[in-house]
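Peer 1: There's a structure below that I have some questions on.
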Amino acid sequence: MTAVASSAPAAPIRVPAGTTAGAAVREADLPGRGAPDAIVVVRDAEGRLRDLSWTPDTDVEVTPVAADTEEGRSVIRHSCAHVLAQAVQELFPQAKLGIGPPITDGFYYDFDVEEPFTPEDLERLEKRMRQIIKDGQLFSRRVYESKDAAREELANEPYKLELVDDKSGDPDVMEVGGDELTAYDNLNARTKERVWGDLCRGPHIPTTRYIPAFKLTRSSAAYWRGDQNNASLQRIYGTAWESQEALDRHLELIEEAQRRDHRKLGVELDLFSFPDELGSGLPVFHPRGGVVRRELEDYSRRKHLEAGYEFVNTPHITKEQLYVTSGHLEWYADGMFPAMHIDAEYDADGQVRKPGQNYYLKPMNCPMHHLIFRSRGRSYRELPLRLFEFGSVYRYEKSGVVHGLTRVRGMTQDDAHIYTTREQMRDELTRLLEFVLSLLKDYGLDDYYLELSTKDPEKYVGSDEIWEEATETLREVAEASGLDLVPDPGGAAFYGPKISVQVKDALGRSWQMSTIQLDFNMPDRFELEYTAADGSRRRPVLIHRALFGSIERFFGVLTEHYAGAFPAWLAPVQVVGIPVADAHTPYLEEVAAQLKSRGVRVEVDSSDDRMAKKIVNHTNMKVPFMLLAGDKDAEAGAVSFRFGDRTQINGVPRDEAVEMIVRWIADRINEVPTAETVKAGAAK
């Protein structure tokens, strides 16, 4: 969620042999403790972060890392996690330590304790942490002579003992890594005696006083190493920042994010729900949510037809062999629901007369689209062939990661598969990226960057040469767009590299939206061919593309982006008529009929509530246009506009008001209407 500004990268400095990095930082007169941009660590020529106590053997050039950069904040948070662990073991001496990494905007630490932590426990821990920070304990790096020495020291820490031999490369495991096994001791600032310590590869800030602002946010249960077969531990989450101002800003964003939480708004606005009877991650859309979803899909359909896509439909289940051919059962089985074994026939004795077959709920639409391509001979004249489907797919997500609409088990993807020649590939990718960005902008999402996900060396199909060609092609197309491109090493699916569009919402949070995946492998597995101009048979290049990612996820992101106040063209109810008194209801019903004839979604509130209460109710339901009418309005054939920001436009002739509303909706204006913006629009 980080929306707090970061400082620009610092210029490199030189650290003479035998001198600490911290001394070089002071010699360069760079900001020290107490400044928001205090230098907390340095980065060496190999890109490794080093403590300020690091003393190189030769003269080296390093880059100072400030507290108000993402790397600097990560170091502060990691050190704050150590302070938390020290406080826990002081207040709960029987607690055993798990892992405690920095994470986006914060940190956590896992503990094996007898009872879950309470809010009162967190308050006590915060108080103790503040004292540790005030004491200015030193972080001191120490190298173990051997693994046996580490095991001896950590004999009473079973989870740390497991990590001593860890070779998983898990980025969350900050305890081990690199070519040495190290610990960080917290030393008394005056006596230099060891107060506490932890198995850790570092780096860390010089002293605890480099943590100017922190807060513990919550606690929860968590399985050791994220495996439900392991012990259940207690996890404490916290956040730490380079200044109190930055922390306050972050907490304000957290509060605003909670206000915008789509799960909360889904209930308040009657959009969707998650009935227990259906199971985790399986949402149902209510009529109001169905309107928004239909508008999202209908506009997308129209734009896809204009862009030359052909619509297809495929079933929700399939025989096992399809996913053997595609490789999903080999590489993606953990993300699929278990097989359904059906169609077996038995005789009177219960003996199998005809064996059954395994069927699977489809986790992806692509294999079925390949069958459509393969259903008849194809010519180069048909390419690029763009197949598109709003296809329902089902993926087994662990219950712990299912989250509202943004992480579900049953979803609908706006899924396209494009079959091109190699000669068409680059132009098609460029055209496709432009189409994706244009459509996202139409929905009001116009702040984005690109991410390039490359091969996972342990999980891929096809040759290295094909992967390299596909990756470089995507890289060139992405760079040509002029957008920022961020690497995602090892993040690709097993069948090809991808570009993903990372969208920033109104709070500055990044969401992965559209994906464009290049695939030279699947055409081989399905033996897809077309007849080239010279009569030869060739393999097409395959491009996988999902613009929304899934309708459900996109719906959730838009709900939070707009805080539930959808643009008028998407709003479930676009206009509500509010009579000053019951006598004015028939007049507003005439106005409503006029709007309905123009395709506007309109209601008239004829409830027994007073007018003021009705205005509050419909403001809370985030209806973009409220039309009020009393005696003067009805006599003059006019209405008064009321908007969510409490502004009004009084006495607007009804025909003019209808045209203003119809034009606003037809123009697909994404901002919330106000008296000022509607008047400005009417004046054009």
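Cβ atoms are placed via backbone N, Cα and C, with glycine included.
Sharing the feature lines straight out of Swiss-Prot:
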BINDING   Cys366, His417, His544  Zn(2+) binding site
DOMAIN    1-66  domain 'TGS'
REGION    261-567  region 'Catalytic'
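So where do these features actually land, and what's packed around them?
Peer 2: There are 22 other Cβ atoms within 10 Å of the Cβ belonging to His544 (Zn(2+) binding site). Annotation note: His544 (Zn(2+) binding site) sits in a strand segment as assigned by DSSP.
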Peer 1: Taking the centroid of the Cβ atoms of Cys366, His417, His544 as the Zn(2+) site, which other residues of that chain lie with their Cβ within 8 Å of it, listed in sequence order?
Peer 2: Met364, Asn365, His369, His370, Asp415, Ala416, Gln517, Asp519, Met522, Leu542, Ile543, Arg545
Peer 1: In DSSP terms, helix, strand or coil for His417 (Zn(2+) binding site)?
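Peer 2: Looking at the DSSP assignment, His417 (Zn(2+) binding site) belongs to a strand.
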Peer 1: Looking only at the domain 'TGS' (1-66), what is the model's average confidence as pLDDT?
Peer 2: 89
Peer 1: Across the domain 'TGS' (1-66), what are the DSSP residue counts per state (helix, strand, coil)?
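Peer 2: Breakdown, helix to coil: 7 helix, 17 strand, 42 coil.
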